[in-house]
Structure formats: C-alpha cells, structure tokens
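One structure is given here, and the rest of the page talks about it.
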Amino acid sequence: MEEIKKRIIFLIDKINKTNYEYYTLNESSLNDQQYDALFRELLYLESKYPEYNYKFSPTTKIGGPISSKFHKFLHEKSMLSLNNVFNIKELKLFYDRISKKISNFTLLTELKIDGLAVSLKYKKGILDKAITRGDGYQGELITDNVKTIKELPLKLKEPLDLEVRGEVYMSYESFNYLNQIRKKENKSLFANPRNAASGTLRQLDSKVAAERNLSIFLYTIVNPPKFIITQKSILEFLTYLQFPVNNYYEYVLNWDQLIKKISYYEEIKNHLGYNTDGIVIKINELSFHSIIGYTSKAPKWAIAYKFKVFKTETLINNILFQIGRTGIVTPIAELLPTIVDGSVISKVNLHNFDYIKQKDIRVNDFVLVHKSGSIIPEIIEVIKTKRKNQIPFEMITHCYSCNTKLIKKDSNHFCFNLDCEEKKIQELFYFVSKSAMDINVLGLQTLKILFYKGFINNISDLYSLNQYKKEVEELHGFGKKKFNNIIISLEKSKNKCLSNFLIGLGIKNVGIHLAKILAQKFENIDNLQKASIESLLKIDEIGIKSAQNIKNFFLNSKNLKLIEKFKNLGLNLFYFKSKNNIKNNIFKNKKVIFTGILEKYSRNQAQNIVIELGGVIINSITNKTNYLILGKNPGSKLLKAKKFNIKVLQEHEFEELIK
C-alpha cells in the first residue's frame, strides 16, 4: 500500500507541474498522450484507493494557475474542460451511459481545434471583454489582443448582451511564416501553432498580436436565448451573427452514424490547414444537459475523442549523452530535423541503454517518431527494412565529463564522482530552477560560463558572486546591467520559503510536495536536521526509504557545512507560517470558497494559504460551507452565501485573520 500511495503522490506532483507548464507557461514537459496516460492512471488509482484521495489532486481541478502578467477576471460560468476517450471501445461506454439515462437524443460532432480557449463578452453588440480559460474559474483579460483577429466581429449585427466561447488558433500557413521571420531575426522558433497562438495572445503589445494573424472558431453561447434549444442551433445562430464557426460539424442520429462520422474526420484532418487533435461529441438537445449533469471538472454530456497519434519517419544522426545532477547518464538521439504537427523535432530521449537494446536502436537508423502537441517525441519503432550496415550501439563505459567509470544500477548508468563538473553544473541549474530558488536570470549557459571561469563551484558560491563583480561584468554577453540583475535576483531569493530551499538541496525523494510537508512539520532547518527516522515516519507521506534518505543527507558532514554556510549568507531557513503558532488552526477542517478577484493575492496563492492553515477548498456553496472569501466583482456565490447564512470575509478581514 505504501508503494500505491507513493505512486499517487508522484502522479499528482507530475500532473500539477505539467498543468502549470501548459496553462501558465505555454510549454509542457509531457506530450498529450503521456499526460493523458498519467491522468487516467491517477483517476484509476484514486477510485480504487479512496483513502489516498488528496485535496490537492489535479483530478479536482480544471487547469493551471493564472499568469501574473494580465488583469484577472472571474468567469460567471466556469470554463470546464472535456474528458477524453482514445478508442471506439471507450467511446461506446460514453454512448451507453447516456443511453441508459435518456432516450431519443441526438448528437453533434465538432472538430477539436488545438488552440487556446477564450470567452468573449459583448455588451449591446460591442465586444467588451476577452478572457482566457485560466484555471477554469478565473482567466486573464486579453481583449486588445483578441480584437486583432481579423475575422472576429467587434460589433454584432444586433445590439445583444452575449457571452460566446471559442478557440483561438494559428493556421499552419501563418505559423510557418512567423517562424521564417523569427529565424531571419535569430529569434527562437515556436514549437507548434498552439504555442505560437498562446504566446501571441499573451503579448503585452497588441501590435505584435496583429502582425501574427491569429484566427478563431466560436462554438458555444453561455446562457443562450430561450429560442435556442440545440447545440446545432447555437452554431447556426453564431453563424447568423457573423461569427467564424467551423463548418465541419455533423448531426448524428445513432451509434452507427457516429462511427461513420469518425472515419470521415480521420480522412480530412490532415488537409484542413490548421491543427486538430480530435472530435468533440455533444448531446445536441440542450434540455438534456442538466439531466446528464457535470463533474467538477467536465460536463458528462460531452466527450473528446482523440485521434490516433500522428507519426513521422526520420533519421538518427547520432546518439549523445547528458548527465543529470544525480549522476544518471541519459542517451539522447540526435535526429534529422523533422516536423510533426507543426513542431520541429531534432532530439529524442532514449532513457537508458536497456531501452536502446530492447528497441535495437542504432546510429543512422530510420525510425518512426510520434508526438501529440509537445516537442518531446518518442521513437515508436525502428524501420529495419531500411537498415544497411549500421552497427549495434555500445554504451559508453566512462563518464564523458570526468572520465570516471560508470556504474550500472537497475536499468541506468551512473557517474558517482562527486567532483564531476557536469553533475555540479546540473546541481546549480536545479538549485536556481523555478520550483526551488526561482533565480530565472541564471540560465544553464550562464551557469556554465560562471562555473568554467571559476567563479562558482557549488550552490553556496552563487551568493558570493559579488566578489567577482569586475571580472564577471567584463565577460562577453554580461556587462553591468546583467550582473546587477543577477545579484538582485540572488538577494531576493534569500527570502524564499524553507520548502524552496529544501527542493534546491536536491535531497533524494524530496520533491515539491514532500518539501512543503517537511517545512510545515519541522518549521526550520535545525529541527529537520535533528529529526529521527521514527519522527519522519510519523508523517503519512514518508516511507522508510524517504526517511532514510533525509536522515542520511543530514548526517553527511559536507551537507552540514553547506547548510551552515547558507545560514551565514543570510538565507531564510524557516517556514514562513511558523512565526505565529496561534493561527495554525484558524481554518482547520473548515470548508472555504472564494468569489471575485483579490487585490493582493492570486486565487491560487490565497487557496494555498487556506490549505496551509488546515482548511479545505471547495468549488460550490452548500449549507456546510464555513467561509466565503470575497473579492472584487463577485459572482453568484455571494447570493448563495447570504441564503445559507455563511460567514463572508472581505479581503482585508481575510488578511487580518491570517496575519
């Protein structure tokens, strides 16, 4: 059972990290298929082991946290995501579930456009606001950028108050043209049309958005007029109002017709001029939607059928290696650059030598690579019919960085030399990463320069960089401005929470989630350092291996000296919330909900504070709700709170309470 719990926590951390990358940073370390597989595994494990259902699980959420660049706006009606199915068998289960609840229903199929979901508000027929999905409850105001979309009407033919939703995307033609321009200007290329569209919508200068030729398809109306009774009539009414609507929607009467429509979409999907990764299937009759209902994440009356993964053929030019901070040596295949779904792919992670051996991958082999919405591809198979005189790949025996003999452990090869330069650089890079000390001005290449010039050798040296001010400023590509930015960022990072510092130390098995728990439990580095294995094992999330790894880290004299140095350098090694123990029970076991926009906190920050103080975040008001935290522009939750006589806290009252 301990392994099950660890797996669930791993999946939660991995998916939450990916959600943040995807929804907030417009990037992703997982492709769609990998993400979907992890998400489905988590759903399965949570249903089978309900005792390990955590309130911070991504299965209870819609998307990711909100970016801080734009003004926030609360959605009057949540922008839910869709559940996915990946084959006909799963689709049949969806169809049968519907059939058991209602009869005489029809379906409408629409193309699933791979872009960025937006909600548009019109007042008296004039476009007033455009908002991203955000976390599903609150998005970003991107009105000026959306107004640059040429086919979008800024004024309707009728003076209606209307909220419509759709998908902003970039055509392949516009995407390729944009990347050609960026290449000429020596700028980094966008990975795919979706990233280009997302990045464009988040431009602070709408002139940039106007130059990039975005497009949009509208697909629904929030609270449609009473005369509209089907999804098909929604699309027809949107067309009447001269909104751009994707014309590849199909009216479906039964299961047999649905299968035929899927075959039709499979045939046309590669000839559209824009990226689509599936089909959205909805119950056509709007009156049935409330009967079938919703989960907290998605409607039960709609499903997304994902197309089979696209694949392409390319050549392996070479197999190189990279070393991680733990010493693990990973082989990387360098590919003849190829485009899959609009993304340029030039490298593939080959994981380990056993993986290469199992697939019999060789330099100069032709391989099939697949990808679904990410720049990280996977080799499906080697095309052995095209193989000529390629020789089997041999694993290196010594570290390419320090020439230390590699040790094989399970399926992986490791360099255990503590002085390996490449490992040290990766340790530095991990320490400054966003989840750790978040020093984003120190990228990998900058760290390499500082390391090889002898200015830094380990993570504590970063905070003594000021002694080399003159020398660093004289380096090519640095200068006074860059150096000052580095020093300012380093000083700012000294005030990070203990949990960030614990992540940066790179203790084995201590990731984001466990670091936060350790910081909360022990409150400062000294208490954690003194903790026994027995006291560590009393924490639900910690097993025997993790406890031993934590204890061994703090028994190492080298690590203790490092921590002492950090203390002398003035880093915060305390958990922020430990300064006032009285407040630790303020929200204990209390059900808390938010409405409106807070001025001093993002929704995500405020919710995390409540969770840290023992509270439970809920998404809808019931008579068992304890607190409603009220921001500006509140939604209908305020009326419901008054109806149930629930205690309402203004933002300043909330702030006083948590101080």
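Glycine is no exception: its Cβ is also placed from the backbone N, Cα and C atoms.
In the three-state DSSP scheme, Arg133 (NAD(+) binding site) falls into the coil class. Positions annotated as NAD(+) binding site by Swiss-Prot: Asp32, Gln33, Gln34, Tyr35, Asp36, Ser81, Leu82, Glu110, Arg133, Glu167, Lys282, Lys306.
In the three-state DSSP classification, Lys112 (active site, N6-AMP-lysine intermediate) falls within a strand. The active site, N6-AMP-lysine intermediate annotation in Swiss-Prot covers Lys112, and the record cites sequence analysis as its basis.
Here Cys402 (Zn(2+) binding site) comes close to Cys415, Asn417, Asp419, Cys420, Glu421, Glu422: these same-chain residues lie at least six apart in sequence, with C-beta atoms under 8 angstroms from its C-beta. What Swiss-Prot lists as Zn(2+) binding site is Cys399, Cys402, Cys415, Cys420.
Under the heading domain 'BRCT', Swiss-Prot lists 582-659, citing sequence analysis as support.
Neighbouring residues of the recorded Zn(2+) site, listed in sequence order and excluding Cys399, Cys402, Cys415, Cys420, comprise Ile323, Gly327, His398, Tyr400, Ser401, Asn403, Thr404, Asn417, Glu421, Glu422, Lys423 (Cβ within 8 Å of the Cβ centroid). Secondary structure at Cys415 (Zn(2+) binding site), taken from DSSP and collapsed to helix, strand or coil, is coil. Under 8 Å, Cβ to Cβ, and six or more positions away along its own chain, Lys112 (active site, N6-AMP-lysine intermediate) finds Thr276, Asp277, Gly278, Ile279, Val280, Ala304, Lys306. Sequence-distant neighbours of Cys399 (Zn(2+) binding site) (same chain, 6+ residues apart, CB-CB distance under 8 A): Ile323, Val329, Lys405, Leu406, Cys415, Asn417, Cys420, Glu422. Set side by side, the binding-site residues Leu82, Cys415, Cys420 differ in how many other CB atoms lie within 10 angstroms of their CB, and the most is found at Cys415. For Lys282 (NAD(+) binding site), the count of additional Cβ atoms within 10 Å of its Cβ stands at 25 [all protein chains shown].
Taken residue by residue, the domain 'BRCT' (582-659) breaks down under DSSP into 29 helix, 17 strand, 32 coil. A sphere of 10 angstroms centred on the C-beta of Asp36 (NAD(+) binding site) encloses 16 other C-beta atoms.
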